[in-house]
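Trainee: This is the structure I have questions about; it appears just below.
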Amino acid sequence: MDLDHDTLVFISKSWGLFYLIAFAVGVLIYTFWPSNKKRFDKAKKGILDKEDRPWT
Amino acid sequence: MRELFHRKLERTALGFVFAIIAAASVGGIVEIAPLFTIDETVEDVPDMRLYTPLELAGRNIYVREGCYACHSQMIRTLRDDVERYGPYSLAVESKYDRPMLWGSKRTGPDLARIGGKYSDFWHVAHLTNPREVVPESNMPAYPWLAQNELDIEDLDLHLMAQQSLGVPYTDEMVENAGRDAYGQASPDTDFASGVTERYGERTQVSTFDGVTTQVTEMDALVAYLQVLGRLTDAAYQGTAAEELPPDASN
Amino acid sequence: MIGQLTAGERQLSVVILIALVIIGIAMAAAGRFDPLGVHGVVVLLCSGVLLARLLSSLFEPEPHPERLSKYYDDPIKAGIVFTMIWAVFGMFVGVWAAAQLAWPSLNFDTSWTSFGRIRPAHTTGVIFGFGGNALIATSFHVVQRTSRARLADQFSPWFVLFGYNLFCLVAVTGYLMGVTQSKEYAEAEWYADLWLVIVWVTYFVLYIRTLARRKEPHIYVANWYYMAFILVVAMLHIVNNIAIPISLSHAKSYTVWPGVQDAMVQWWYGHNAVAFFLTAGFLAMLYYYLPKRADRPIFSYRLSILSFWGITFFYMWVGSHHLHYTALPHWVQNLGMTFSVMLLVPSWASAGNALLTLNGAWHKVRDDATLRFMFIAAIFYGLSTFEGSFLAIRPVNSLSHYTDWTVGHVHAGVLGWVAMITFGALYTLVPSLWRRERMYSSMLVEAHFWLALAGTLIYIFAMWNSGIIQGLMWRTYTEQNTLTYSFIDSLVAMYPYYIARTFGGLLFLIGAIIGSYNIWMTARGAPVSRAEQDLPVVDGPVSPATPAE
């Protein structure tokens with residue numbers, strides 16, 4: 001590996017930013033994807049269930 | 001497409017694991033990866049010297065007693081820091097520090113440039129009972145340091161480990177580690193001259209705790225404290241008002 | 001507890017313990033009078049005792065297969081006991097260390113009780129002992145309930161629990177003997193670190209196997225936080241602790257990271273230990289036990305997802321704010337500062353989500369001290385994340401850094417947030433786990449709450465004051481442009497606050513002791529007849545249990 005310091009700093013500063021934005025967009029899409037709503041609502045209420053046994 | 005991807009991601013807990021790693025690793029990569037090559041940008045200073053075996057042993061006592069919990073070794077680029085403690089710390093000055101002891105808290109003062117500011121005698125008295133010298137101090141007393149004989153048998157192992165990590169200790173230094181540690185604390189013996197030969201004329205050879213019959217942990221710790229900030233004079237050069245490093249003759 | 005283990009699991013345990021006994025003997029023999037030898041004896045004793053216990057019931061009959069239709073709760077119970085033992089130990093050492101700063105002779109001039117040695121014993125005892133055990137115990141509880149599946153096997157949870165506590169024990173006894181790397185919150189030496197890697201990998205595998213067995217298609221968000229905690233802590237721990245021992249028979253090692261790299265790696269670790277140990281894991285508790293106790297679903301599930309990724313992503317960048325104005329490159333400092341400020345968004349999203357969950361149920365917060373613990377925890381989480389972002393701004397940091405303000409900030413986080421959410425979670429979990437209708441005494445929960453709150457407030461106000469005074473004194477100039485105060489002047493000004501801080505810590509410790517007593521008495525009391533009841537019945541519609549398939 002003969003990456004010098006300036007190259008590494010450049011990669012960090014440019015790709016780090018793209019990575020950040022791409023990831024944030026991905027997460028937003030997932031969170032607000034309409035068909036995920038049902039599943040989220042189910043998860044939200046599911047834990048309040050009083051049953052205390054594993055399902056088989 | 002995306003939805004399918006996410007559903008899959010969620011179905012397999014393992015996919016989720018990779019997503020977490022991907023998200024979490026980038027910050028570390030961006031900030032830390034460039035630091036692996038930071039030595040390219042750290043200015044090389046020709047007068048930078050190594051810790052002698054005795055000073056290294058003293059440093060390990062500093063580590064053992066957890067001194068970093070109350071003392072920093074990092075003078076920041078702030079006016080009051082510089083005026084209180086001396087020229088701000090340079091990256092190169094901790095080049096041989098494993099671990100670095102920059103610290104995070106000053107319950108006591110910064111020690112980055114403590115070397116040479118007080119006499120050996122003062123340090124011994126202060127470490128034995130801080131309140132005899134500074135009545136308001138809340139520092140613990142370390143009376144046992146002067147009683148514990150320093151373990152110099154293993155010092156070659158310490159130097160060897162450092163050597164394998166790239167610290168430029170020579171084989172000769174490793175071989176003589178124990179003798180040099182003894183010699184640095186025993187100015188009137190034949191072993192003393194070897195220390196200055198191997199580590200430079202500016203190495204302080206002294207009885208440190210004033211007792212010549214044995215090398216104690218007190219000797220080692222004081223030797224370390226006295227070298228702090230004096231491995232190189234780089235920090236004193238090029239400052240606005242030329243400053244002089246502390247006098248080495250006490 | 002051994003009665004539930006199958007013959008195969010018992011044999012596996014015996015094999016592992018015999019291996020540990022051999023390792024202990026080898027360490028003791030190789031280390032001799034080095035602290036490594038003492039730790040060999042510690043390993044030998046711990047594994048020997050467990051081995052003797054196991055051998056005495058090695059040939060008992062196989063457990064009843066009916067156990068598989070229940071959740072596996074025995075390790076959780078043991079985990080709670082460990083949690084409270086470490087809480088009392090860690091907080092006691094903390095009060096002692098605080099007292100030494102006010103009255104330095106309280107170390108009795110012996111080496112192992114001096115401040116520099118007991119301070120890591122305090123931090124490790126509280127963060128890893130108390131916090132870590134609480135995280136492991138609650139994660140075993142939450143992953144089973146939200147997955148509707150039993151833990152994947154019965155051996156690994158015990159291995160994780162005992163292995164982890166062995167690590168804590170070796171670490172803490174090591175500091176008292178002077179075995180330390182002097183890397184904050186990662187002081188344990190190489191052999192303890194190696195052992196923790198093994199334990200942690202087992203933990204990860206167990207968690208992922210249990211998730212893989214889940215009957216719910218969606219992984220509940222609390223598990224995301226637990227997963228992030230397990231994974232990222234593994235990453236941090238390994239990278240920060242790479243070191244070369246001077247020999248296999250010595251405890252001493254040298255880190256591979258020199259100087260400025262070590263500083264960056266250390267604070268990348270240090271701050272993310274705060275993020276993924278003291279935040280992510282405890283947010284997992286918040287997202288499960290708060291809705292459970294309030295009997296209301298979380299305000300916004302989507303918000304919890306967004307803040308999860310926000311925290312996972314942003315936190316990793318902020319470690320360098322510990323190194324403002326140092327020899328670290330300037331752009332790294334600025335990056336750390338920027339992301340620290342951005343971090344406020346996901347942090348407040350979590351805190352707000354918790355508080356909005358309670359909105360409409362304030363009468364429950366008023367009447368139920370357990371819920372109040374979690375409510376106060378969310379408030380302190382919001383406060384200390386705000387303070388954290390604020391302190392990361394360079395000019396602010398120039399005043400606060402190296403002073404008690406940092407200590408106050410950390411304790412607002414650990415006392416106000418971490419400990420409060422843990423106690424809230426434990427008071428929710430304990431009655432349900434031991435099948436009791438409620439805690440042994442709700443009066444004592446109430447007393448614990450007020451002691452904890454008063455202790456926290458006294459502590460952080462004392463440290464805010466002392467920190468700001470000290471920071472200002474260091475930078476005060478006379479008219480002649482010279483520094484007004486010597487260092488010792490600033491120390492003398494600290495003494496009243498150090499005494500107040502000790503008192504605040506003492507109140508918190510007393511609260512923890514009361515809590516331990518209450519939990520112990522609850523566990524020893526008689527179980528309720530309605531054995532299936534998980535929580536007190538409340539009015540309002542309850543979604544019927546609909547098993548899959």
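These residue numbers are counts, starting from 1, taken along the chain as shown.
Backbone N, Cα and C define each Cβ position, glycine as well.
Please treat TrEMBL annotations as automatic predictions, because they have not gone through curation.
The transmembrane segment annotation in TrEMBL covers C:12-30, C:36-59, C:80-103, C:123-143, C:155-178, C:190-212, C:224-248, C:268-290, C:299-318, C:338-361, C:405-429, C:449-474 (among others). Annotation comment: TrEMBL describes C:38-549 as domain 'Cytochrome oxidase subunit I profile'.
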Trainee: Ranking C:36-59, C:155-178, C:268-290, C:299-318, C:338-361 by Cβ pairs under 8 Å to the transmembrane segment (C:80-103), which is first?
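Mentor: By the under-8 Å Cβ criterion, the transmembrane segment (C:80-103) pairs most with C:155-178.
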Trainee: Is it true that the transmembrane segment (C:299-318) and the transmembrane segment (C:224-248) have 3 or more CB pairs under 8 Å, sequence gap of 6 or more?
Mentor: yes
Trainee: Looking only at the recorded stretches C:12-30, C:123-143, C:155-178, C:190-212, which one has the largest tally of CB-CB distances under 8 Å to the transmembrane segment (C:268-290)?
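Mentor: Looking only at C:12-30, C:123-143, C:155-178, C:190-212, the most contacts with the transmembrane segment (C:268-290) come from C:123-143.
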Trainee: How about the transmembrane segment (C:12-30) and the transmembrane segment (C:155-178): at least 3 CB pairs under 8 Å, pairs 6 or more apart in sequence, or not?
Mentor: yes
Trainee: Please give the sequence-distant neighbours of the transmembrane segment (C:190-212): residues at least 6 beyond its ends with Cβ less than 8 Å from one of its Cβ atoms.
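Mentor: Answer is 27, 36, 39, 136, 139, 143-144, 147, 149-153, 156-157, 159-160, 163-164, 166-167, 170-171, 174, 219, 223, 226-227, 230-231, 233-234, 237-238, 241, 243, 245, 251, 253.
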Trainee: Should the transmembrane segment (C:224-248) and the transmembrane segment (C:123-143) be scored as in contact, given a threshold of at least 3 Cβ pairs under 8 Å and pairs 6 or more apart?
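Mentor: Yes, the transmembrane segment (C:224-248) contacts the transmembrane segment (C:123-143).
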Trainee: Can you tell me the mean pLDDT for the domain 'Cytochrome oxidase subunit I profile' (C:38-549)?
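Mentor: Mean per-residue confidence for the domain 'Cytochrome oxidase subunit I profile' (C:38-549): 92 out of 100.
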